[in-house]
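Here the structure is laid out as structure tokens; the discussion comes afterwards.
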Amino acid sequence: MNRVPGDAENAHSSSVESCPSLRDVHSINPAQLMARIESYEGREKKGISDVRRTFCLFVTFDLLFITLLWIIELNVKGGIETTLEKEVLQYDYSSSYFDIFLLAVFRFKVLILAYAMCRLRHWWAIAFTTAVTSAFLLAKVIISKLFSQGAFGYVLPIISFILAWIETWFLDFKVLPQEAEEANRFLIAQDASERAALLHPGVLSDGQFYSPPESVAGS
């Protein structure tokens with residue numbers, strides 16, 4: 001006859017012991033979720049993401065590297081001033097490297113405008129620049145006489161072609177997927193924090209727990 005009250009007391013004591021743990025869970029998880037949300041919002045306020053900044057640095061490196069190679073090519077041909085006048089003022093599609101330099105400037109302006117200033121989250125800009133670069137370089141290699149001008153006839157077109165496709169790969173497989181994943185995590189964390197706030201608006205104080213008064217015997 002005494003086992004039933006004992007079982008009831010054990011069940012009651014176990015439920016009471018479990019209440020602090022549940023309160024602790026709900027008091028910790030919303031704080032962690034809010035910390036994640038605040039960190040994500042802080043990164044958004046800071047500007048562009050780290051992976052997008054790396055992409056913009058690589059685009060800048062593309063322009064500087066092609067410019068460096070073009071300046072070296074000008075020096076090799078007999079002086080910057082003389083060769084610059086020949087390649088720019090007396091431009092010839094079949095023998096000049098000036099258009100490859102302009103192609104690097106074109107990629108830099110379009111990609112920085114699209115992905116740094118406008119913060120575009122689509123691949124159409126990089127697809128456009130890579131398609132223009134590939135078509136132009138292929139036509140130049142086929143029609144022009146660059147291969148008869150020494151090593152730079154090979155180096156500049158090949159490096160320009162490779163850098164354009166590396167930029168495409170980096171944006172399509174690194175920048176856009178990572179930013180989409182961070183955005184999804186932010187939405188999930190925000191939704192979970194809102195649900196936690198609705199289910200448990202606050203931690204109950206000791207004054208909110210009370211026992212009903214004992215009833216009169218026979219009532």
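For all residues, glycine too, the Cβ spot is worked out from N, Cα and C.
Under the heading domain 'MENTAL', TrEMBL lists 48-219.
What TrEMBL records for 1-21 is region 'Disordered'.
Annotation source TrEMBL lists transmembrane segment at 55-76 (among others).
Residues 48, 52, 55-56, 59-60, 62-63, 66-67, 70, 73, 86-88, 125-126, 128-129, 132-133, 136-137, 140, 146, 152, 156-157, 160, 164, 167, 171, 175 of the same chain, all 6+ positions outside the transmembrane segment (96-116), place their C-beta atoms under 8 angstroms from a C-beta of that stretch. The transmembrane segment feature in TrEMBL is assigned to 96-116 (among others).
Distant neighbours of the transmembrane segment (123-143): 93-94, 99-100, 103, 106-107, 110-111, 114-115, 157, 160-161, 164-165, 167-168, 171-172, 176; these residues of the same chain sit at least 6 beyond its ends, with a Cβ under 8 Å from one of its Cβ atoms. Sequence annotations record features per position, and here TrEMBL assigns transmembrane segment to 123-143 (among others).
The transmembrane segment annotation in TrEMBL covers 149-166 (among others). Within its own chain, the transmembrane segment (149-166) has Cβ neighbours under 8 Å at 58, 62, 65-66, 69-70, 72-73, 76, 95, 97, 100, 103-104, 107, 129-130, 133-134, 137, 140-141, counting only residues six or more beyond its boundaries.
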